[in-house]
């Protein structure tokens with residue numbers, strides 16, 4: 001399926017193989033001259049390079065002089081392997097407010113279930129009144145029903 005009026009290039013899309021695919025030999029794009037032994041050597045070299053600490057070259061006099069300038073713009077380009085996974089990020093003000101709001105709502109709902117808020121007390125009082133009225137109505141119905149049965153039983157004597 002095409003997109004738009006222009007055709008794609010006849011070479012197709014690029015496919016990048018992972019080192020595991022190269023070692024296993026499952027990739028279709030591996031050159032015929034590339035052996036599995038060479039792939040294993042490349043993977044070992046890459047793992048050794050990751051173990052070594054990368055030495056960063058400083059431009060100019062930056063490497064010679066220690067600067068404590070808070071306004072100094074530091075490069076923000078981080079590679080995936082250099083990223084600190086365990087680092088905890090601070091939440092923005094909006095996110096903190098949203099989380100506090102959710103926690104307050106959960107606390108309120110928990111108190112509501114326990115019957116400790118004013119609204120829940122009023123609801124429970126209303127429920128008690130309704131149950132009392134229903135019980136009285138049921139008792140009256142039973143009395144009326146018993147009275148009717150007595151009236152029916154008396155004339156038959």
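Placed from the backbone N, Cα and C atoms, the Cβ positions cover glycine too.
Per TrEMBL, compositional bias 'Basic residues' is recorded for 1-16.
As annotated by TrEMBL, region 'Disordered' applies to 1-63 (among others).
Marked as compositional bias 'Polar residues' by TrEMBL: 26-36.
The annotation compositional bias 'Acidic residues' is assigned in TrEMBL to 38-53.
TrEMBL lists 69-146 with the feature domain 'Casein kinase substrate phosphoprotein PP28'. The predicted model assigns the domain 'Casein kinase substrate phosphoprotein PP28' (69-146) a mean pLDDT of 88.
As annotated by TrEMBL, region 'Disordered' applies to 108-127 (among others).
Secondary structure by DSSP for the region 'Disordered' (134-157): 20 helix, 0 strand, 4 coil. Sequence annotations record features per position, and here TrEMBL assigns region 'Disordered' to 134-157 (among others).
Using DSSP to sort the residues of the region 'Disordered' (108-127) gives these counts of helix, strand and coil: 17 helix, 0 strand, 3 coil.
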